[in-house]
Every structure is written in C-alpha cells, then in structure tokens.
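Presented below is the structure to which this report refers.
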Amino acid sequence: MVESTTLVNQTWWYNPTVDIHPHWAKFDPIPDAVYYSVGIFIGVVGIIGILGNGVVIYLFSKTKSLQTPANMFIINLAMSDLSFSAINGFPLKTISAFMKKWIFGKVACQLYGLLGGIFGFMSINTMAMISIDRYNVIGRPMAASKKMSHRRAFLMIIFVWMWSIVWSVGPVFNWGAYVPEGILTSCSFDYLSTDPSTRSFILCMYFCGFMLPIIIIAFCYFNIVMSVSNHEKEMAAMAKRLNAKELRKAQAGASAEMKLAKISMVIITQFMLSWSPYAIIALLAQFGPAEWVTPYAAELPVLFAKASAIHNPIVYSVSHPKFREAIQTTFPWLLTCCQFDEKECEDANDAEEEVVASERGGESRDAAQMKEMMAMMQKMQAQQAAYQPPPPPQGYPPQGYPPQGAYPPPQGYPPQGYPPQGYPPQGYPPQGAPPQVEAPQGAPPQGVDNQAYQA
C-alpha cells in the first residue's frame, strides 16, 4: 500500500488520527456547503432507512401470511439494510460531514469500513439467494428436491453471512486496508493503492463479492423468463380441460409467483444501479487514470450506495399486495394517500394458497395440475405408440379395382392431333387498332347524353 502522508499541519484533507491516502491532497478544499449538504442527505436517508426497514422486519415477522421460507431472505435483507443505515449512514457519517472530517479515529474507521463491507456484501448475496429461490419456484416448480423450507432458507442465510465476512475481513489481517475516501467523512476499502497486496484484494473482492452474485442473478432471471414463456403455453393447454374457476385459480397462482419475481427483479435492479458506480470507481482507481477519481467523483457513488437501503421498503409498499395489507392493518396511517386495487387484492387472495404452498415446500394446485396434465399426455402418447390399426377386411378392396385403363386416364388421351395443327390461324387476331365504325345517323355525338340529345 502507498504510504500515507506524514504532514504535521492539519488541513481539510489531513486528520492526524487516521491514515489519509496522499491522492486526496491533489485537489482543492471542499466547500462547506458540500459538507452540510452531504450531512443532511445522509441524515435523512439514514433515518428513513432505519424506520422503513424496521417496519419491514416487524411486519414480515408478525404477519402469518408473510412468514414463508422465501420471506426469510427479505427479513435478512431488511436487517442488513437497517444495520447499514444505522452504522454506515446516520449518525457517524452525518456527524463527520458537519465536522468536515472523520473525527472518530483509526479504529472506528476500520470498524466502520468492515461493517459496511459485510452489510453491502450481505445485501447482494441475499439477493442472489432470492433469485435462486424464485428460479426454483417458477423455473422448476416440479423439482421436489429443490423446494424451499425454513431449514434450507436458514442454512442459505448462514452461508450468506459467512461469505460476506470472508470478503470483508481481509484488511483486518493487512490484506488491503480501510481508509477515508471521497470528501473524507467516511471509510471504505483502499481502492487507490496499487501495490500487489491491495490490488489482489480489490480484484478478489470485486469478482467474488460483486460479480459472482450478479452472474447468479442474471442466470436465474434469464431462466425465469424462459420458463414463463413455456408456462404460458402449458396454461393454454390446461384451459381446454379446466372449468373457469379452476383456470382462474391456476392463472392467479402463476400471476402471484410472477409478481414476486418482478418485485425481486426491481429490488435487484435498483441495488445494482446504486452500487455499480462505486464498483466502477474502484476499478477506475486501480486500472484507469487516477486523476479522474476526484473527491466529488468518489463521494457521489458513496451517496448512491448508502441510499440503496431505503429503496426496498418503498418497493414493498408499492408492489407487494400482502405487505400493503399488513401495513393497512397495523399502520393504516402510512397508506392514507394510497388506494388498493380490489381486483389485485382478490387475485392475491386466490393465489395465496398457491404461493404459500410452493414456498413452504408443499405442492401447489398449479403444479399438481401441471403434473396431472403431463401424466395424461404421457399416457396418450403411450397409447398411441402401442396402438396398431386393425387389418382391412378380407376382399377389400375388391380385385380389379380401380379398373385398368379407366383410372388413371387411358392411354391415348387426349387423342393425337388435338388441337389440330394451324389452329388458331396465323394472323389472328389481326395486328393494328380495331377499325373505327361510324355512328349511325341520329346518334348523339360522343360525350352527349342520349336523352338530352333527343330532347
């Protein structure tokens, strides 16, 4: 790692209690208005993140219809976002922004960076687990060994915690470092040093902690889209043998599963949009022109990343019918400005047994009907393969049928010499315009009405 500065005099970019990378000394001082704006923004985002994710955890834990294995990932994600808002947002960064420097010392800086890394990796890896669960429910509904249970979800969450800690704890053992960044009011990975140890840490962290979950997410949702296309064809086949009520329930179950998948896709998309600029800055600092990494260019991705913790409660309150119903029951004043779609709620109630059954590890009605349909199709195919048409009765068709020479047409038809040679005669029709025939006497001139002429 590049040695930090040893200047004695304290300036806007140097705090003697922490190690500051000398890269930040190249830029002009940051105006006070920027510090205060960052402090206000982080304070508001932190408070909203704490309250919003607290409501998510409370309602998902309290509401029975939301206590499914898949929603354990949602609770884990909300816990990560709440902790991220409470520790890496408000109040530490807010106070430091108003003080215009990191004031909590070196140990707090390392702890701040460590927890920020753990919670950040935990969020994206939890989203990867959500993608895997959605893929199993929608893309592989009849794979019994892949059904989610509370135990399986708990083990997956434990793995997420361990994986996140592994890729965050390196700087504690001098593999990389945690240092102030941007306008120097928060601490994160040292992405400016280019020594082999730091660069290897940045690359391993980038690919294993960031790119690998993104690849898993992309794979799962690509297969979900393909499965939905096939599912629509299967539903069209099922419509021929189901009555209207059964068909509506099956369609509602599929629609509810797709709604959950769409909510997950929205959450993952906003997370990637929030954290991708930060990843780009880290790679730019390692392999691109370092002078492009200004305090402002480094601070804006930090603000985007820290604001990602407030997106999930907003997405749930807008898109998740069951979550909205739980809010309306427990905190009705939170949705005074919103109205429920009655048809959407009715479809959600019809589909509840479908989604809950599939997520709890049971077999949904939709999956059972699909299995029944496939079994019937296999039975029909087996019957068709085993079917042998009976032999024709003896004496059929009778001998001599069709009569020879009658069908197909007898030889010599049409007769030779037909049409006769020289027909039509040469010079017919004659060349040139047809002869003009004079109008009979008493006829009106060309273009004049006959009745008007006679009158």
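Heads up, the Cβ atoms here are built off N, Cα and C, so glycines get one too.
With respect to the membrane, Swiss-Prot annotates C109 and P390 as residing on opposing sides. For C187, the partner cysteine in a disulfide bond according to Swiss-Prot, taken from C109, C337, C338, is C109. In sequence order, V18, W102, Y178, V179, P180, C187 constitute the residues six or more apart from C109 (disulfide bond) in its chain with CB-CB distances below 8 Å. Secondary structure at C187 (disulfide bond), taken from DSSP and collapsed to helix, strand or coil, is strand. Around the Cβ of C187 (disulfide bond), the number of neighbouring Cβ atoms within 10 Å comes to 27.
Following the DSSP three-state reduction, the secondary structure of C109 (disulfide bond) is helix.
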